[in-house]
């Protein structure tokens, strides 16, 4: 039997491009830490790095990429358009590329379906929303600055509205959403798939101090496999068909999260994890001026 190479796995997007199944997330990675984390990840073998203008760490992510010695063309790099930049898409991508020190990103996402007024973060534009933003993002395709475009934090309601808009000429390649056994979003994942949109999962470990790290089902499977709970959670996501973006700035954890080869979860083990009843969200929408989550994921 051939060796299972989960770390080499990719998912084919609707553009034909292949996104690596395992990436390094950098949300909440502090300055002074994230550059070293990116460098360590790339030296370990990761070839997928996820950042965003809103994280305030693009510059350091770019430094980590260059310090790794891994050629830029071997790396899948994702960044995101920040909410107050929705009316300035061209400026948004240029700012990110300058921060990252690269001429292109592999994937450019609309971070949230929320067009925030840059003069007042408590308000959205009265004359503009994410449909307008998407129309502008589509103009980036073919410029050489982005290879793929997609969305993030879109539920079914907002995706339906986007896809039914006459101005939507390009179906998003990716919808990056919170995905873990405490927020599995089966209806949303199925909807994405039905429209040819790849689901990419952020906070796959449920974030720091996660209830999943003490969940009996996860712990018992990890013990049986001789693996860490984090490794079990990551492989669950990959086997469910989405890319996973574990965040860490600790080199030992970055390396451990990469140890996904030569083993797999059985259908029964996947089903046991699927059956975990506890629900929680790491990232809600209460900080936004509008509601974007409507409970339609399940």
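Cβ atoms here come from the backbone N, Cα and C positions, even for glycine.
Owing to the predicted nature of the structure, the values given are computational and were not obtained by experimental measurement.
Lifted from TrEMBL, the feature list:
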- 22-276: domain 'NADP-dependent oxidoreductase' (DOMAIN)
- 55: active site, proton donor (ACT_SITE)
- 80: site 'Lowers pKa of active site Tyr' (SITE)
- 111: substrate binding site (BINDING)
| query | Taking every protein chain shown into account, which of the recorded positions 80, 111 has the largest tally of Cβ atoms within 10 Å of its Cβ? | reply | 80
| message | Long-range neighbours only, meaning 6 or more apart in sequence with Cβ under 8 Å: which ones does the residue listed as 'active site, proton donor' have? | response | 26, 27, 28, 29
| message | Can you give me the Cα-Cα distance between residue 111 (substrate binding site) and residue 80 (site 'Lowers pKa of active site Tyr') in Å, rounded to a whole number? | response | 5
